[in-house]
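Colleague: A single structure is presented below for examination.
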Amino acid sequence: SVETRRVVMKLVVIVPLLLLLEVSGYAECRCFCQVTGDLDDCTCDVETIDRFNNDQLFPKLQSLLESDYFRFYKVNLNKPCPFWTASNECGLRDCAVQPCSPYSAEVNKQQDECEKAKHLGAVDVSLSAETREALLDWNKYDDEAERFCVVDDEESPDSQYVDLLLNPERFTGYKGPEAWQIWNSIYEENCFKPYTIKRPLNPTSFQSSPGSEGRNSSCVEKRAFFRLVSGLHASINVHLSARYLLDDSWFQKKWGHNVSEFRQRFDSELTVGEGPKRLRNLYFLYLIELRALAKVLPFFQQSSFQLYTGRPEEDQKHKEQLLDILQLARSFPLHFDEASLFAGDEKEAAKLKEDIRLAFLNISRIMDCVGCFKCRLWGKLQTQGLGTALKILFSERQIEALPKSSNQRPSFQLSRQEIVSLFNAFGRISTSVRELKNFRVLLAEEQ
């Protein structure tokens, strides 16, 4: 009959789509926006997040992150690993770093040497003399505050500014036991993970039982912390799959999307059901950091705050861009409800908050054990960014009590480092959400 044919035609279209969504983890990411105490209740699906991020927020955020204030991040890449013996020079040929001195009389020679030493995992630390002088001037506008992450001593001779635009996060070849030792240490020692979840050194062997993120395995705060770290891990893997080295011949390097690599990390069957959960946690992380941006708006609205780079007109323009982004973040209709966190007994809540703060401090120290310097750079930045987001969510009262007069010193402060890491970290998550759309298209083309 005509009706039967219509049903068959619908199935022909719908069934492959459902299979595609399951492969990408999309089918298990259907509702996240209004997340409450048990981390599963919600009132919208990820299409809402995708549309909001990809069509509205992502383009504005990327434009802001290209400005001078947000492109320079100070980092110490030479701190020794405090937990085990680790070399600062990865054995991989593409993980070596050859720092470049500032422009001088020897600039041509130095540039030639740096070009020869530029590998996949190398960090380009070359800055012009003008930029270095400007950065020294910016330092006087930084303020100290309570931190969730270890912040490098900015007076240390080993700390240096890095231009993030010259050091994009992408595949470096850093993998295997060394890389898995980092993530195992993070998960096993710091994440309050449900006891049924295993993180093996061998990424090809999985030991997780159905429902391993069960509601009875830990309190909501600790489950939330685990999901944040898992979401960060997933986001990094999305970046590496999206900017994979597809061709490394003597005359060119070609970067692009590696669908096979994406499947290895997120396909439900290949990961024994863990891949879709990782993507769910990525969306959860997105909502947490988006909520922090919405909450911190009053701090940036203060007339005394400026994105200081010494160029008043540009600084004002970029502050307006920033406020526009934060207003957009606040307009998102179905934010994460952080009221469910630390809402119980006051003493227990204070202890949980301190436990999570200390766990974050420890994770930021583990980043000093990462063998590949470019991976270390982005790991440290994103860890600090997430820590800053949590600091904002835990400081709601202080933000609400910000003084109206510029003569009063506010109780809530963010340093330049925290601001740069906060927005760049969210920029990485925003990019991941956008890249998932690209992978869905590529997966559909393979069907």
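Even glycines carry a Cβ here, placed using N, Cα and C.
Unlike curated entries, TrEMBL annotations are predicted automatically.
Annotation comment: TrEMBL describes CYS372 as active site, nucleophile. Marked as active site by TrEMBL: CYS375. Marked as FAD binding site by TrEMBL: ARG170, THR172, TRP183, SER230, HIS233, ARG265. Summarising the annotation, TrEMBL assigns disulfide bond to CYS90-CYS95, CYS372-CYS375. Residues annotated as signal peptide in TrEMBL: 1-29.
Each of the listed features needs to be described in terms of its position in the shown structure.
Modeller: Cβ neighbours within 10 Å of CYS375 (active site), excluding its own Cβ and spanning all shown chains: 24.
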Colleague: Suppose we draw a 10 Å sphere around the Cβ of THR172 (FAD binding site). How many other Cβ atoms does it contain, all chains included?
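Modeller: I get 22 for this one.
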Colleague: Cα-Cα, whole number of Å: ARG170 (FAD binding site) versus CYS375 (active site)?
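Modeller: ARG170 (FAD binding site) to CYS375 (active site), Cα-Cα distance: 9 Å.
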Colleague: Counting distance between Cα atoms, which of the binding-site residues THR172, TRP183, SER230, HIS233, ARG265 is nearest CYS372 (active site, nucleophile)?
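Modeller: Smallest Cα separation from CYS372 (active site, nucleophile) among THR172, TRP183, SER230, HIS233, ARG265: THR172.
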Colleague: How many Å lie between the Cα of HIS233 (FAD binding site) and the Cα of CYS375 (active site)?
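Modeller: Between the alpha carbons of HIS233 (FAD binding site) and CYS375 (active site) there are 12 Å.
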